[in-house]
Amino acid sequence: MANQVIRCKAAVAWEAGKPLSIEEIEVAPPKAHEVRIKILATAVCHTDAYTLSGADPEGCFPVILGHEGAGIVESVGEGVTKLKAGDTVIPLYIPQCGECKFCLNPKTNLCQKIRVTQGKGLMPDGTSRFTCKGKSVFHFMGTSTFSEYTVVADISVAKIDPSAPLDKVCLLGCGISTGYGAAVNTAKVEPGSTCAVFGLGGVGLAVIMGCKVAGASRIIGIDINKDKFAKAKEFGASECISPQDFSKSIQEVLVEMTDGGVDYSFECIGNVKVMRSALEAAHKGWGVSVVVGVAASGEEISTRPFQLVTGRTWKGTAFGGWKSVESVPKLVSEYMSKKIKVDEFVTGNLSFDQINQAFDLMHSGDSIRTVLKM
């Protein structure tokens, strides 16, 4: 099948705001420096829902969404040397070419090699590998895992341990890696420190896990949904609070609880007002606040400059700061050796045909991650 078009099932988003439609699509063979992957498991993430809602200015339709997946290489295009058919892989929405100035700088993981075409929903040569009913269908985040087969750039693939369970490690393609890395890479949480985590969804739980692994002595979880508190404590939160239980601002509450503020705070929602609260809950002189959640396009953050003048640091993170191709295999190994949790993030499994139900579960707040088995 290597040089053949493959016909398979995919969940196509024909237009914004409508449920996904399971369709038969054609997936063209990989061109030079591309890899065609048989996806075996994929999860549903808020970023998929954000684009589907129509709020994403980079959103193009029709499109095949999905960016938390895992599978097996079916075939490779010309010039691909590091991957071969049969390899077990995780597609990556942040590539690692190893050559651009971003890849060569140890301070960042934001490879820019294919950023422009990826943002337009196209492969690096400016075209799509997907067609459905005679129409070209856009790619998404360079991954498009809501399809039985997908084509990705060879710099957007992590080769992983073939014994890893794909219906679990697919989550390392986004949420878990993002939250865990926000704590250990971006904030560089220190042993004995105090942390506050705003938003206790999948990413927030991964931040808590990262703070715990880094040796934080006190981790405060913050969410308006108290149903999430028990799970947060399982992951390592020392205590959990809801802003709705207090008459004063949540930052004032935290400053009082912690004798001046926390050493590290993390915003895992994408709400600019909460980002401000997280910064202002950080300790004067040394507190660090990390923006992990992605706010809607056009939103702006604000605080009084005095907050920064008096020694607080405001940072942001994408994919937890991990250089993707080299780091994801290591994260899989950390999971296999039980250093990090993954299974505990999976709150349910559904068949691929039930993908819209997985979105409903996510919106209800009742699930952390639902994994679809292809």
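From the backbone N, Cα and C atoms, a Cβ is placed for every residue, glycine too.
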Margin query: Say a student had to find the N6-succinyllysine annotation in Swiss-Prot: which of Lys159, Lys233, Lys341 would be the correct pick?
Written below: Lys233
Next item on the list: Out of Ser247, Ser302, report back the residue that Swiss-Prot marks as phosphoserine.
Entry: Ser247
Note to self: According to Swiss-Prot, one residue among Lys84, Lys188, Lys248, Lys315 carries the annotation N6-succinyllysine; which one is it?
What the structure shows: Lys315
Note to self: Using only what Swiss-Prot says about Zn(2+) 2 binding by Cys97, Cys100, Cys103, identify which of Cys111, Cys132 is listed for that site too.
What the structure shows: Cys111
Next item on the list: According to Swiss-Prot, Cys45, His67 bind Zn(2+) 1; so which of Cys8, Cys170, Cys174, Cys195 is the extra one listed there?
Entry: Cys174
Checklist line | Local backbone state of Ser351 (phosphoserine), from DSSP in three classes | finding: strand
Next item on the list: Translate the DSSP assignment of Lys315 (N6-succinyllysine) into the three-state scheme.
Entry: strand
Notebook entry, point to check: If you count Cβ atoms within 10 Å of the Cβ of Lys233 (N6-succinyllysine), leaving out that atom itself, what do you get?
Noted result: 16
Notebook entry, point to check: For Zn(2+) 2, what surrounds Cys97, Cys100, Cys103, Cys111 with a Cβ no more than 8 Å from their Cβ centroid?
Noted result: Pro95, Gln96, Gly98, Glu99, Lys101, Phe102, Leu104, Gln112, Lys113, Ile155
